[in-house]
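K.L.:
Here's a structure for you.
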Amino acid sequence: MQMIKKMVLSETFPGILLIFFTFLALLCKNSSLSVIYTDFFHANFTVGFDHFQISKSLDLWINDGLIAIFFLCIGLELKYEILRGQLKNIRAVSLPIFGALGGMITPALIFIAINYAHDFAMKGWAIPTATDIAFAVGILMLLGNKIPTSLKLFLLSLAIFDDLGAIVIIALFYTDQLSALAIIICLFCIFALLLLNYYHITHLSLYVLVGVVLWIAMLKSGVHATLAGVIISLFIPLDTKNKKPYLHEVLKDLNPWVVYFILPLFAFANAGIDIRDMHLGSVFSPVSLGIILGLFLGKQLGVFTFCFIAIKLKLAKLPENIKYGKFYGICILTGIGFTMSLFIDGLAYKNSDIFEYADKLAILVASFLSAIVGFIYLKIVK
């Protein structure tokens with residue numbers, strides 16, 4: 001029993017759990033369990049009453065709802081580190097911002113360079129710009145204490161800025177219409193959160209109440225609802241009026257739910273991709289090459305190059321006691337686009353099978369390449 005407890009509480013166990021549920025999902029989707037798996041996550045669940053109802057399939061409740069809690073945790077951790085921790089210095093926090101810019105611009109340019117002659121294919125230019133923060137964090141968890149905290153923070157920070165960029169891209173290029181009323185309600189909720197923070201109110205129930213309304217409004221607005229989690233995190237006070245730690249306590253309470261329940265469930269719901277109808281030959285189509293080269297090469301080169309230039313221009317600084325070799329390994333992991341890339345792919349091509357699933361296969365190949373190469377590289381390089 002003591003051994004099991006030690007294993008569960010180890011730093012690597014959440015990563016192992018995430019990888020296990022990823023492969024379990026792939027197994028279910030590509031076996032006789034495929035129909036049961038699909039029906040389970042596509043089953044509709046309705047919450048509300050009369051005219052105030054939200055009806056969504058289980059996988060969307062997970063992707064739009066539970067993952068917002070994950071983003072809340074990431075936002076809280078980032079806020080704490082910026083105000084009290086290792087990112088207090090403006091040059092330290094600017095590093096992941098430059099990295100995120102490079103990690104979006106370079107893959108997009110690679111995809112465009114390969115697919116510029118094909119109008120429909122060009123709709124997917126944003127597919128390789130995304131980083132799946134959940135899976136990238138999962139790989140880091142597998143590495144345990146081999147990765148310094150400063151590098152973990154860099155990846156978390158970069159992934160948040162990257163996902164904020166993805167949300168902006170989705171809102172500008174892949175949203176059919178935005179609801180003005182829902183956006184106004186979002187602004188009212190943000191104002192309410194601002195007041196709660198200004199008066200240093202630390203009743204968690206009030207933040208939950210306003211947060212739920214904000215999430216619903218965000219859901220109805222056309223903007224990705226996970227942004228609500230990041231917004232809420234900005235307004236959670238660092239301390240109580242008596243100067244006792246508050247934000248850190250909230251984070252400590254949420255963290256076990258995220259790493260042991262939300263992330264494994266997210267992996268199980270999203271990693272189920274049917275690869276039986278995919279042809280390996282399609283990997284060499286322009287769309288596939290654009291995605292694979294964009295995610296696997298474009299991401300790591302873009303993040304590293306932009307960060308390197310920013311450091312040399314003294315606009316940012318490398319974390320203390322970190323060498324460029326180890327830093328590059330983290331850059332490789334940013335190429336894990338997986339579920340975020342699949343999400344943008346669905347928006348771009350409207351879930352069309354015109355490419356015979358070559359686009360989805362390319363996302364899988366690039367993401368697994370980034371994960372495996374990044375993991376091995378970080379294991380070897382000191």
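If you go along the chain as it appears here, the first residue is 1 and each next one adds 1.
A Cβ is built for glycine as well, from the same backbone N, Cα and C atoms used for every other residue.
Sharing the record's features from Swiss-Prot:
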| type | residues | note |
| --- | --- | --- |
| TRANSMEM | 7-27 | transmembrane segment |
| TRANSMEM | 58-78 | transmembrane segment |
| TRANSMEM | 94-114 | transmembrane segment |
| TRANSMEM | 124-144 | transmembrane segment |
| TRANSMEM | 153-173 | transmembrane segment |
| TRANSMEM | 178-198 | transmembrane segment |
| TRANSMEM | 199-219 | transmembrane segment |
| TRANSMEM | 255-275 | transmembrane segment |
| TRANSMEM | 291-311 | transmembrane segment |
| TRANSMEM | 327-347 | transmembrane segment |
| TRANSMEM | 361-381 | transmembrane segment |
K.L.:
When only pairs 6 or more apart in sequence are counted, do the transmembrane segment (255-275) and the transmembrane segment (94-114) reach 3 or more Cβ pairs under 8 Å?
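P.N.:
Result for the transmembrane segment (255-275) with the transmembrane segment (94-114) is no.
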K.L.:
Counting a contact as 3 or more Cβ pairs under 8 Å, with residues at least 6 apart in sequence, do the transmembrane segment (361-381) and the transmembrane segment (124-144) touch?
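P.N.:
Judged by the Cβ rule, the two regions touch, with the required three close pairs present.
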K.L.:
So what's near the transmembrane segment (153-173) in sequence-distant terms, Cβ-Cβ under 8 Å and 6+ beyond its ends?
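P.N.:
Same-chain contacts beyond the ends: 71, 74-75, 77-78, 81, 85-87, 93, 95-97, 99-101, 103-104, 126, 129-131, 133, 136-137, 140, 222-224, 226-227, 230, 303, 319, 327, 330, 333-334, 340, 344, 347.
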K.L.:
Take the C-beta pairs under 8 A between the transmembrane segment (291-311) and each of 58-78, 94-114, 124-144, 199-219. Which stretch has the highest count?
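P.N.:
Top-ranked stretch among 58-78, 94-114, 124-144, 199-219: 94-114.
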K.L.:
Count, for each of 58-78, 94-114, 199-219, the Cβ pairs lying under 8 Å from the transmembrane segment (124-144), and report the range with the highest count.
P.N.:
94-114
